[in-house]
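In what follows, a structure is listed as structure tokens, so that the remarks can point back to it.
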Amino acid sequence: MRSAWIEKRRGSANVSQLHYARQGVVTEEMAYVAKRENLPESLVMEEVARGRMIIPANINHANLEPMAIGIASKCKVNANIGASPNASDASEEVKKLELAVKYGADTVMDLSTGGVNLDEVRTAIINASPVPIGTVPVYQALESVHGSIERLSEDDFLHIIEKHCQQGVDYQTIHAGLLIEHLPKVKGRLTGIVSRGGGILAQWMLYHHKQNPLYTRFEDICEIFKRYDCTFSLGDSLRPGCQHDASDDAQLAELKTLGELTRRAWKHDVQVMVEGPGHVPMDQIEFNVKKQMEECSEAPFYVLGPLVTDIAPGYDHITSAIGAAMAGWHGTAMLCYVTPKEHLGLPNADDVREGLIAYKIAAHAADIARHRPGARDRDDELSRARYAFDWNKQFELSLDPERAKEYHDETLPADIYKQAEFCSMCGPKHCPMQTKITDKDLESLEEVLKAKGGAELSTAKLDRAD
């Protein structure tokens, strides 16, 4: 859908949405986003120009349906997919992508680390995707030298970063905020560095005794990104991997650097969002969101979870959705889903579905709590359908219609029960929603109460007004 929009920009030195917004231009992508979000085009342009909203939209991803991430737009959800050296292939990852889009993923990250042709997998995903695709280029940089940190050069990093841009990647996690002087700060942690990309950069710095090349070559990366309109997702290499490590000196030192990098990218008119934790106790979530807004000048915040407890392997889509809902309420712009397989293995298609639905619930709950216009409309419509025993309408309005119908039909599968005024929980005689109290009933009751002159309800005998 974007081919004609893109062609007239090709050859420009900077094709980013931020660049056009700062010139007062409402691009076709901004206009499209304004309709999707039910926002004025001028507001979308202003928020993009300010850096509070991003529209990840690489010019080489022509089949993309533009979307927005930012405090003025609805809270978004990202789904991670990707092949590992031990599992999956390109066709399986495309199936996961299609499933993720079906269940409402707003963006998808390809986190493939090896075992397959990474370029083939990525290209297949981008070609099949109507939503923005993100990647972590350091994975392929390391794979390109067969896992040898010693052989991995600064130019290797930049070569892979540009390759991802050329292939149409809309945003890349760039772990530029981890500095060599931050590494001693992890000494007191229970779980050290839990970011895969951060771990690669830490190993590189420890071996070469040099500063993080993604930091020292950051201006070069900006030059690459603005030619393709690729968005920075500034990686939090020192995010906490457990409750004990949350909000520690290591995390906050890196966050300060991420704020510096945000403003440096903005000087090049390159779009930025900032990644965040991780594992955070409930009482620290608001602090983390507000601290990011302060340090990073309100660039959109993109958090993984956060998990609010560490004792539930197999259920971390739940432990993290709790934290995600709170983070969204306090101003986080996008939530990265966690599946039931987190910490245990590579998620399959069913895990993708479970994780996504949990996070769509969290994001929607956050939108309601933030009083976004229209956020509760679907809830109210479903509630009216529930009160009217319109079962098919309830299924249709559900986040997961198939699951809702499946659970209903376990005990009452016949079509006749789609008109029944009960489900198997209460049965035909005890459903409280069968008791329909009308306005006329309440008006009659008000007259009786008024006539009683404020008598105690516990002892007063109320005469029915016919």
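The backbone N, Cα and C atoms fix where each Cβ goes, glycine too.
Among the candidates TYR32, TYR302, TYR315, the residue that Swiss-Prot names alongside ASN80, MET109, TYR139, HIS175, SER195, ARG196, GLY197, ASP236, SER237, LEU238, ARG239, GLU275 for the substrate site is TYR302. Neighbour counts of Cβ atoms within 10 Å were taken for the binding-site residues CYS423, CYS426, CYS431; the minimum is at CYS426. Neighbour list (TYR302 (substrate binding site), Cβ cut-off 8 Å, at least 6 residues apart, same chain): ILE69, ASN78, SER233, MET273, VAL274, GLU275, GLY276, THR332, ALA333, MET334, LEU335, CYS336. Of the listed binding-site residues, namely ARG239, HIS279, HIS343, the sparsest CB environment within 10 A is found at HIS343. Highlighted in sequence order, PHE422, SER424, MET425, GLY427, PRO428, HIS430, MET433 have their Cβ within 8 Å of the centre of the Cβ atoms of CYS423, CYS426, CYS431, the residues recorded for [4Fe-4S] cluster, and are not part of that set.
Long-range C-beta contacts of SER195 (substrate binding site), restricted to its own chain and to partners at least six residues apart, with a cutoff below 8 Å, comprise HIS175, GLY235, ASP236, SER237, LEU238, ARG239.
Same-chain residues at least 6 positions away in sequence with a Cβ under 8 Å from that of ASN80 (substrate binding site) are, in sequence order, VAL108, MET109, LEU111, CYS336, TYR337, PRO347.
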